[in-house]
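Colleague: Structure incoming, see below.
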Amino acid sequence: MTQRVTEVRREPDKSDHPESDHSESDHPERGHPDPFRIAGTVYASRLLVGTGKFASHPVMRDSLVASGADIVTVALRRVDLSRAGEGDVLDFVPAGMTLLPNTSGAQDAAEALRLARLGRAATGTSLVKLEVTPDPRTLAPDPIETLRAAELMVADGFTVLPYCSADPVLARRLEEAGCATVMPLGSWIGSNRGLRTRDAIEAIVETAGVPVVVDAGIGAPSDAAEAMEIGADAVLVNTAIAIAADPVAMARAFALATIAGRMAHLAGRPRAGSATVAEASSPLTGFLGAVPGGLPGLPGGGG
């Protein structure tokens, strides 16, 4: 069975990336002492992109290129595993991108494992984004079945990236089970409501020993920047790009926001102060006191 997409990733073509006008030394990830790694593989981009909800496969392809993403996730239920159909979604994934099949729609651990095995057989990749979402109203991840599936998949040789609730205890359990990342939700899938779980994500970031990828609910580039600023290692975005008026432009905006957020985190973003009054950034008290007679129009100044 011929593979269309493999785990082997290229060094991204500079023409594909929003930061392509900069040198390698200017890139906030390449050559930095904390590059983005998943299971030992280094990726240049910290933006992961999904493939659902696009108006057409060509629009999806162009948006993926504009995003500069190295990793693209696709629901196994949308893939023609028999490879008999024409125009399958995988045919429009740009060459060299790392495919991350997901088990979207799985109701329990057994179904998730079955989908993952089918995907591995069809694509040749052991990477899998684990999703177990039995509640059709919220698509909330089932914590019990997610952990159970993670244990089964790791034992079966998969590199598991689990979508999970923003629960620090569950995140620790998934890490202990051998997951390569944890992927806490920002808010409900497809809701575009941003980081409603910010406090919990910060707690996960503080203790996680594997990359933290914020997944679900990221509705604007500012949400992606916020996630990166508080220390997330990466973000996964789909709906906000796919349903934008201009998906290609939105993909580029998310790419730049992810880079900016990461740079802000590395630069040491100041925490919000506790003061309830303003604090001048440039006090003039000493300066005014040194001016004979003060300044006209200011307290103590000339008329």
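Note: Cβ is positioned from N, Cα and C throughout, glycine not excepted.
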Colleague: Per Swiss-Prot, which of GLY178, GLY190, GLY261, GLY268 sits in the 1-deoxy-D-xylulose 5-phosphate site along with ALA216, GLY217, ASN238, THR239?
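Modeller: Answer per Swiss-Prot: GLY190.
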Colleague: Please state whether DSSP places LYS129 (active site, schiff-base intermediate with DXP) in a helix, a strand or coil.
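Modeller: In the DSSP reduction, LYS129 (active site, schiff-base intermediate with DXP) maps to strand.
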Colleague: In Å, rounded, how far does the Cα of LYS129 (active site, schiff-base intermediate with DXP) sit from the Cα of ALA216 (1-deoxy-D-xylulose 5-phosphate binding site)?
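Modeller: For LYS129 (active site, schiff-base intermediate with DXP) versus ALA216 (1-deoxy-D-xylulose 5-phosphate binding site), the Cα atoms are 13 Å apart.
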Colleague: For the 1-deoxy-D-xylulose 5-phosphate site made of GLY190, ALA216, GLY217, ASN238, THR239, how many Å separate the two farthest Cα atoms?
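Modeller: With GLY190, ALA216, GLY217, ASN238, THR239 as the binding residues for 1-deoxy-D-xylulose 5-phosphate, the largest Cα distance is 9 Å.
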Colleague: Quick one, of the binding-site residues GLY190, GLY217, which Cβ has the fewest other Cβ within 10 Å?
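Modeller: Checked GLY190, GLY217; of these binding-site residues, fewest Cβ neighbours within 10 Å: GLY190.
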